[in-house]
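A short write-up of the structure that comes next.
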Amino acid sequence: MAVPASPQHPRGYGILLLTLLLKALATTASACNHLRPQDATFSHDSLQLFRDMAPTLLQLCPQHNASCSFNDTILDTSNTRQADKTTHDILQHLFKILSSPSTPAHWNDSQRQSLLNRIHRYTQHLEQCLDSSDTRSRTRWPRNLHLTIKKHFSCLHTFLQDNDYSACAWEHVRLQARAWFLHIHNLTGNTRT
């Protein structure tokens, strides 16, 4: 006669579940660890590429009245996930505007391609990090921040169109883009140290 199998002890299930949960959390945490070394150099290297790509325009430009102001105090956060989402959003907008076929002739196209590749790769890394952190946290990103950033970049696009993508209009956008790279530096530096 066969001996009936003893029922699995509930504590055994708990240990198995805890082991699986810890493994999932370790995998999720490591998904964002690869960003730390990149954060240290991404903004600096991107700014350098940007300077090489888009030198300051030598001609004097009339003062443009671009009403594309941005209150950068809303970017202040110590929440790493929010900083990552904000950085991701900014980079997507920068990529869109800098990949325009109407960039000025004096911009170095190979440097521009290098910068766009760098932005694209970093954005992909952020997406992986955000996808994995979404399994742990459902913290909502402030909608007004997303809309404010979107409105600002929409204003820059309109400004370029209204000024027929002139070199002077691009000079204004160049200055704005430089400021955005500095914002990204502050976002990534303040939340990952």
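Every residue gets a Cβ built from N, Cα and C, even glycine.
Per Swiss-Prot, the features are as follows:
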| type | residues | note |
| --- | --- | --- |
| SIGNAL | 1-31 | signal peptide |
| DISULFID | Cys32-Cys129 | disulfide bond |
| DISULFID | Cys61-Cys155 | disulfide bond |
| CARBOHYD | Asn65 | N-linked glycosylation site |
| DISULFID | Cys68-Cys168 | disulfide bond |
| CARBOHYD | Asn71 | N-linked glycosylation site |
| CARBOHYD | Asn108 | N-linked glycosylation site |
| CARBOHYD | Asn186 | N-linked glycosylation site |
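The separation of Asn71 (N-linked glycosylation site) from Asn186 (N-linked glycosylation site), Cα to Cα, is 15 Å. Of all the recorded positions in the list Cys61, Asn108, Cys129, Cys155, the shortest Cα-Cα distance to Cys68 (disulfide bond) is found for Cys155.
In space, Asn71 is the closest of the recorded positions Cys61, Asn71, Asn108, Cys155 to Cys129 (disulfide bond), judged by Cα positions.
Taking Asn71, Asn108, Cys168 as the recorded positions under consideration, the smallest Cα distance to Cys61 (disulfide bond) is found for Cys168. Note: the CA-CA distance between Cys168 (disulfide bond) and Cys155 (disulfide bond) rounds to 16 Å. Separation of the C-alpha atoms of Cys155 (disulfide bond) and Asn71 (N-linked glycosylation site): 14 Å, rounded to the nearest whole number.
In sequence order, Asp52, Met53, Ala54 constitute the residues six or more apart from Asn108 (N-linked glycosylation site) in its chain with CB-CB distances below 8 Å. It is Cys129 that, of the disulfide-bonded residues Cys61, Cys68, Cys129, Cys155, has its Cβ surrounded by the most other Cβ atoms within 10 Å. Long-range Cβ neighbours of Asn71 (N-linked glycosylation site) (same chain, at least 6 residues apart, Cβ-Cβ under 8 Å): Thr148.
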